């Protein structure tokens with residue numbers, strides 16, 4: 001996956017975000033994507049190869065691994081980051097459309113602006129108001145939903161956030177209940193708890209930003225003359 005391309009796109013959104021939104025993007029890339037790319041892949045790189053069961057029955061080890069780890073932590077984290085980042089891309093599309101319309105009207109002479117050329121329009125910071133306010137606020141709301149949903153999926157799918165050292169499996173074609181051992185359970189538990197904690201921090205930042213936008217919206221409404 002091209003995380004650099006995603007950073008470039010979201011970096012464009014970052015120019016029009018609130019201060020809280022800028023902090024969220026920093027946390028997203030430094031504490032989640034960088035950890036996922038640099039460290040987590042090393043920890044989970046050997047997960048299936050080093051998943052050992054005390055049986056020689058063909059297929060038993062693979063079935064047991066699939067039963068306890070239906071989706072790799074790495075892939076689920078990557079999927080989570082995609083879902084969490086997608087709403088921000090909607091904001092980028094909205095800003096791009098806004099600038100396109102403004103450039104079109106500028107070229108046709110339909111609007112009078114303080115800008116001398118199109119390049120200045122491209123560099124303009126778009127204020128979070130009007131229809132963009134709804135797009136931006138909606139993107140934050142869906143980020144919170146996706147973060148919470150994936151945290152719940154993690155907890156249910158893996159029966160908690162701690163990685164077990166020993167799991168017992170009696171799925172077919174295992175001849176009986178076999179013991180299977182997970183490699184690096186403590187290290188994987190630490191990484192899992194860290195990623196979940198960062199998800200919680202991101203939810204807190206998103207809720208704080210959402211409250212800030214709602215308060216600013218309501219205060220703006222109250223200042224308008226009746």
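Each residue's number is its place along the chain shown, starting with 1.
Cβ coordinates come from backbone N, Cα and C, glycine included.
Feature annotation from Swiss-Prot assigns topological domain 'Cytoplasmic' to 1-20 (among others).
Per Swiss-Prot, transmembrane segment is recorded for 21-40 (among others).
Here Swiss-Prot flags 41-75 (among others) as topological domain 'Extracellular', drawing on sequence analysis. Here the topological domain 'Extracellular' (41-75) has Cβ contacts under 8 Å with residues 157-158, 167, 169, 171-175, 178-184, 187-188, 191-192 of the same chain, all six or more residues outside its ends.
Under the heading disulfide bond, Swiss-Prot lists 53-180 (among others), citing similarity to another entry as support. Its Cβ taken as reference, residue 180 (disulfide bond) is surrounded by 21 other Cβ atoms within 10 Å in the chains shown.
Taken from Swiss-Prot, the feature disulfide bond applies to 60-174 (among others), supported by similarity to another entry. Taken residue by residue with DSSP, residue 60 (disulfide bond) is part of a helix.
Residues or ranges marked as disulfide bond by Swiss-Prot: 64-169 (among others). The 10 Å shell around the Cβ of residue 169 (disulfide bond) contains 19 further Cβ atoms across the protein chains shown.
According to Swiss-Prot, the transmembrane segment annotation covers 76-98 (among others).
The topological domain 'Cytoplasmic' annotation in Swiss-Prot covers 99-131 (among others), and the record cites sequence analysis as its basis.
Residues or ranges marked as transmembrane segment in Swiss-Prot: 132-154 (among others). The list of residues near the transmembrane segment (132-154) in space but at least 6 beyond its ends in sequence, with Cβ under 8 angstroms from a Cβ of it, reads 16-17, 21, 76, 79-80, 83-84, 87-88, 90-91, 94-95, 98, 126, 161, 192, 196, 199-200, 202-203, 206-207, 209-210, 213-214, 217.
Sequence-distant contacts of the topological domain 'Extracellular' (155-192) (same chain, six or more residues past either end, CB-CB distance under 8 Å): 35, 39-40, 43-44, 46-47, 50-55, 57-61, 63-65, 67-71, 73, 76. The annotation topological domain 'Extracellular' is assigned in Swiss-Prot to 155-192 (among others) on the grounds of sequence analysis.
Among the features that Swiss-Prot reports, transmembrane segment is placed at 193-215 (among others). Listed by sequence, the residues of this chain that lie at least six past the ends of the transmembrane segment (193-215) yet keep a Cβ under 8 A from its Cβ atoms are 18, 20-21, 23-24, 27-28, 31-32, 35-36, 40, 77, 80, 84, 128, 133, 136-137, 140-141, 143-144, 147-148, 150-151, 154, 161-162.
Here Swiss-Prot flags 216-226 (among others) as topological domain 'Cytoplasmic'.
Long-range neighbours of residue 174 (disulfide bond) (same chain, six or more residues apart, CB within less than 8 Å of its CB): 53, 55, 57, 60, 63, 64.
On the 0 to 100 pLDDT scale, the topological domain 'Extracellular' (41-75) averages 83 in the predicted structure. Per-class residue totals from DSSP over the topological domain 'Extracellular' (155-192), listed helix then strand then coil: 11 helix, 8 strand, 19 coil.
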